[in-house]
Amino acid sequence: MQLPKELKYAAIAGGVALFGLIFGWVLFPTILKSQLKKEMALSKKTDVRKMWEKIPFALDFKVYIFNFTNAEEVQKGATPILKEIGPYHFDEWKEKVEVEDHEEDDTITYKKRDVFYFNPEMSGPGLTGEEIVVIPHIFMLGMALTVARDKPAMLNMVGKAMNGIFDDPPDIFLRVKALDILFRGMIINCARTEFAPKATCTALKKEAVSGLVLEPNNQFRFSIFGTRNNTIDPHVITVKRGIKNVMDVGQVVAVDGKLEQTIWRDTCNEYQGTDGTVFPPFVPETERIQSFSTDLCRTFKPWYQKKTSYRGIKTNRYVANIGDFANDPELNCFCPKPDSCPPKGLMDLAPCMKAPMYASMPHFLDSDPELLTKVKGLNPDVTQHGIEIDYEPITGTPMVAKQRIQFNIQLLKTDKLDLFKDLSGDIVPLFWIDEGLALNKTFVNMLKHQLFIPKRVVGVLRWWVVSFGSLGAVIGIVFHFRDHIMRLAVSGDTKVSKVTPEEPEQKDISVIGQAQEPAKVNI
């Protein structure tokens with residue numbers, strides 16, 4: 001038995017609607033998710049792997065230096081008055097070298113290399129890098145703080161060594177060109193033959209102090225970032241490729257072959273999160289994204305703040321801070337002892353960097369308010385000084401990221417060193433960095449054309465297909481039953497009798513009789 005023409009059309013239209021439902025809401029998301037799992041893994045065939053190995057554009061690396069405008073008074077214990085100078089803008093190119101795949105456990109090992117180029121056009125107005133800045137002598141203070149902490153009995157000898165190495169300095173301040181202290185380096189004189197300077201310099205060679213480079217004639221060159229520039233980092237990092245499980249992509253497994261650190265307590269020694277250059281896809285808002293910083297030897301866990309967008313792509317904004325080690329049980333293991341923690345918003349970097357410095361948010365944002373009372377000239381502002389990342393949740397792509405960290409040092413107060421006896425003992429800021437990433441138009445368009453435009457087209461088409469298919473099915477059914485009803489109405493099987501209305505009886509109403517007066521009723 002053949003279906004009527006209208007029902008055939010209705011069946012075809014209904015099939016189209018059903019296809020739209022199945023393809024648009026079931027098959028396409030499944031295909032998309034499967035394809036993304038392949039594309040987001042760090043296999044050699046993917047574009048993500050190429051970008052992961054060598055970011056094809058420069059990051060923004062900005063440095064802001066705090067100039068101490070009243071150094072002479074600070075030497076006598078006064079509150080420092082600071083003036084921020086910056087930004088000194090550098091183009092930072094990042095790549096991974098000595099990359100090796102390990103099929104057996106789905107991991108990759110690599111080392112990092114960063115290259116910095118000073119960009120005066122993008123720096124603050126009129127800044128050339130040749131400006132003289134006045135800051136606490138990081139190297140001198142670092143020596144004193146390290147010895148005071150580890151070998152206080154040797155402070156007297158260190159005092160004599162300082163006089164020889166630094167040529168009898170009048171105070172603990174350094175007056176130096178900005179680019180010299182940041183990258184080019186300043187000379188540390190270790191050519192002295194006196195016992196104290198010679199013994200101290202010998203110890204420096206053995207310790208491999210951060211930021212120190214050995215020069216000819218027994219000299220050292222010291223800078224903050226110089227040893228990082230165009231140098232292969234010695235640490236070997238192992239991360240998951242995500243081929244077997246895409247949710248593991250980029251997860252740090254080991255550093256230098258060790259599955260955990262030994263510098264903190266308990267869970268703070270664990271490697272949690274990715275290496276910060278790639279993240280897993282499909283992360284919901286309720287879940288924190290995690291990244292492990294090899295520079296700071298810790299995991300950061302930004303939390304969701306709000307919905308944002310970047311160049312037409314919807315993103316989720318995540319924010320982070322240093323934390324409160326004393327009152328956050330998850331972070332307390334960063335303290336040497338449970339009841340011995342730095343103030344809120346400070347992290348002791350000595351265990352990680354072998355340098356007696358503290359990390360904080362710029363201008364002591366989200367930190368103990370007491371820190372702001374120890375200096376003048378700071379103005380914390382979350383929009384300028386906060387850590388944030390705008391994250392595309394489907395692909396796990398960081399669209400915009402701003403990592404901002406301030407480095408601080410204690411003005412050591414001790415009677416065993418003449419230069420340090422009148423200092424305040426407070427923690428003061430030295431400089432802060434703003435390392436920024438913003439995907440350029442080329443890569444945003446690539447993401448749009450490969451993912452979001454097809455996704456949007458399918459999103460619109462599925463509604464059109466379902467709507468027109470459903471409408472066609474309804475119309476076909478209506479037409480079928482309408483014709484069926486009409487056929488029944490005119491069919492010979494049903495006889496309809498003609499009804500002739502009865503003519504009403506004609507009455508003569510031309511004469512109306514006179515009405516009689518009603519009878520009277522006596523009451």
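Backbone N, Cα and C define each Cβ position, glycine as well.
Between C335 and the candidates C333, C341, Swiss-Prot records the disulphide pairing with C341. Partner cysteine of C352, as given in Swiss-Prot, is C297 (from among C297, C333, disulfide bond).
Non-local neighbourhood of C341 (disulfide bond): F325, A326, N332, F334, C335, each in the same chain, at least six residues away, with C-beta under 8 Å from its C-beta. Taking the C-alpha positions, the distance from N440 (N-linked glycosylation site) to N67 (N-linked glycosylation site) comes to 34 Å. Annotation note: C297 (disulfide bond) sits in a coil segment as assigned by DSSP. Following the DSSP three-state reduction, the secondary structure of N440 (N-linked glycosylation site) is coil. Under DSSP, N229 (N-linked glycosylation site) is assigned to a strand (E or B) in the three-state scheme.
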